[in-house]
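Peer 1: Below are the structure tokens for one structure; questions will follow.
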Amino acid sequence: MNLILASFSLAPCFCVRFFPSNHNNLNLLFPGQRKIQVSCGGKSEVLKSDTMEPHEAETFVNKRTLYAPIEPYSSGNLKVSDVHTLYWEQSGKPDGHPVVFLHGGPGGGTAPSNRRFFDPEFYRIVLFDQRGAGKSTPHACLEENTTWDLVNDIEKLREHLKIPEWLVFGGSWGSTLALAYSQSHPDKVTGLVLRGIFLLRKKEIDWFYEGGAAAIYPDAWEEFRDLIPENERGSSLVDAYHKRLNSDDLEIQYAAARAWTKWEMMTAYLRPNLENVQKAEDDKFSLAFARIENHYFVNKGFFPSDSHLLDNVDKIRHIKTTIVQGRYDVCCPMMSAWDLHKAWPEAELKIVYDAGHSANEPGISAELVVANEKMKALMG
């Protein structure tokens, strides 16, 4: 059998994969035998030989693991309004190419694992918690908390850190914010890496909260739905949850926040991840996640029209962009990535056939690392 050798550096070790050369386009290789070999310090070892399933055909090429855990070299708090102060941190290479990580939700906050998508020997990695989320204060606050406030915050943080321009990386709601920011400040963006596209249109909200996703997760859906009495469901569960998440009774807020968060966490992986689902039991996390997310959805993302992000693609058409989308994403179904791709064919679309929504699913995290590696080559 003829073999194609593909190797990709990941200091101090690199992964080498041998694939059957049954097609001259690596993205269209057919299933077959493969061997995975790791080289380190001049020594090589074949880890395993297995059979590639058909659903792997578009995701196995260039697969990479996440980078090793790292700690920030600096962090701080930036007051962005009379109400809000943002937590920020930097890790990686202080004089490297800047990249800003935009977390999901909105309200999800950042985590140490978010640093691991980027080569710390090349990138200056900037993470921050958006208004009301994570370590930013005040916690779960909805006042002065809109998409355009966040867009302005990103600019304030960039200026505070004296960064001329940066790569923008965002998934789920982070992709929404990345598009809004880059369309507002295209001259500050060197590239975009987007995951789990969410354009915050009515049909996307209706799919997830008004019964579409329930066809796939009817058991989890009933638990989410049944928190709301039948006589209060009306035409919108989002509105019914809004009432509870903003109740004067904190216990009512917590109960609604746990149910809202659990529904999303149950559906975020192709196979539900217990650790992820248990986040819903953390009242501090779930309150910010649910209240802020619901606040944005009730207000239609604070966009002037349902198709605002698609309508403004021309402003960023020239920016090098990779879109990574799980084929079986229930939270942000592929219709949104597909609509964006049709409006913006210049952007590369990578479909991960064995994944749902989460950036932590192996196929998605692999493609995200590859996308960041490709950006390195462009940025020198």
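Including glycine, each Cβ sits where the backbone N, Cα and C put it.
A quick note: this is a predicted structure, and the numbers were derived from the prediction, not measured.
Dumping what Swiss-Prot says about this protein:
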type	residues	note
ACT_SITE	Ser172	active site, nucleophile
ACT_SITE	Asp329	active site
ACT_SITE	His357	active site, proton donor
DOMAIN	98-360	domain 'AB hydrolase-1'
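Would you situate these features in the structure and describe their surroundings?
Peer 2: Sequence-distant neighbours of Ser172 (active site, nucleophile) (same chain, 6+ apart, CB under 8 A from its CB) are Gly104, Gly105, Gly108, Arg195, Gly196, Phe198, Cys331, Cys332, His357.
All protein chains shown were included, and the count of other CB atoms within 10 Å of the CB of Asp329 (active site) stands at 27.
According to its DSSP assignment, His357 (active site, proton donor) is coil.
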